[in-house]
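Accompanying notes for the structure given below.
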Amino acid sequence: MTELKNDRYLRALLRQPVDVTPVWMMRRAGRYLPEYKATRAQAGDFMSLCKNAELACEVTLQPLRRYPLDAAILFSDILTIPDAMGLGLYFEAGEGPRFTAPVTCKADVEKLPIPDPEGELGYVMNAVRTIRRELKGEVPLIGFSGSPWTLATYMVEGGSSKAFTVIKKMMYADPQALHLLLDKLAKSVTLYLNAQIKAGAQSVMIFDTWGGVLTGRDYQQFSLYYMHKIVDGLLRENDGRRVPVTLFTKGGGQWLEAMAETGCDALGLDWTTDIADARRRVGHKVALQGNMDPSMLYAPPARIEDEVATILAGFGQGEGHVFNLGHGIHQDVPPEHAGAFVEAVHRLSAQYHN
């Protein structure tokens, strides 16, 4: 077991004392960094980059060379599981991910395999092992997966969607087929995340990017229920340490109490939720991650610093806050603005920790 030199992030997730508020950024390996663009060009395309352990490791480490971040997150994609199920993932210029064989009916669902994390998804585990080795205990490594509902939206819609009419048609016209798909995905995600933990991920996060498009009742039945099943099935200790679990539903600020009942350690917040309100509601039960609007990084550094100060003051004194953006960093943000953000979090947060 490599001794962690900086365990602030893991401690904050477990609501333990820290010296300053830890910070990392979602999608922080990405197109806003010139070094990422160079590595992606070397790989040829996005999935080739994900499937090459050495290059995936390189782009995971790039932001850490620029910024004093408190955690690294595996460079991968949420659609690795549907890809491993044989749906034919490809990326259309300007349109994002697409599938050649989307799921259209119950018969399609029944044919889907549950992928072997060390087989079809072995390239992800190789990347986790490579990154852990190269991190040399500097900061913890976060593993992740999409939620069953979010993965299902891409699989049924055939790619990205604005209105989600195809999956909602299945949800209301053939709920049995959708539940079968979500159950299969929950089993797949549980196996996948546990394999990441065994390979070296020290914390895991479930991204429910599209849970917020559901009604409250549908969210409980079609998204949260399956995330709860996953949390129940996860390894919560490895290598002598607790492995914290974070749930993040974009647009899910109205359901924090229900999310906190799943047994997760932390909840991710998007920028539409007031962090002071969130702490009042669930801070006694879970840590909170977030939640600056990613577009704030277009502002001058002084304005970014003001926003960081406001969010820190909103959370207030004490433990259980991991600073992050409310979603992924945008691809055309000036890298020096991201640096100003990270520096401001560390400098301004010390006063909130005794």
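From the backbone N, Cα and C atoms, a Cβ is placed for every residue, glycine too.
Shown in sequence order, Ile78, Gly146, Ser147, Thr150, Lys250 are the residues of the chain, 6+ apart in sequence, with a C-beta less than 8 angstroms from the C-beta of Thr209 (substrate binding site). Per Swiss-Prot, the feature substrate binding site maps to Arg27, Arg28, Ala29, Gly30, Arg31, Phe46, Asp77, Tyr154, Thr209, His327; the stated evidence is sequence analysis.
Taken from Swiss-Prot, the feature site 'Transition state stabilizer' applies to Asp77, supported by sequence analysis. According to DSSP, Asp77 (substrate binding site) sits in a coil region rather than a helix or strand.
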Cβ neighbour count (within 10 Å, all chains shown) around Arg27 (substrate binding site): 17
Under 8 Å by Cβ from Asp77 (substrate binding site), same chain, sequence gap 6 or more: Phe46, Met47, Cys50, Pro97
Fewest other C-beta atoms within 10 angstroms, as judged across Ala29, Arg31, which are the binding-site residues: Arg31
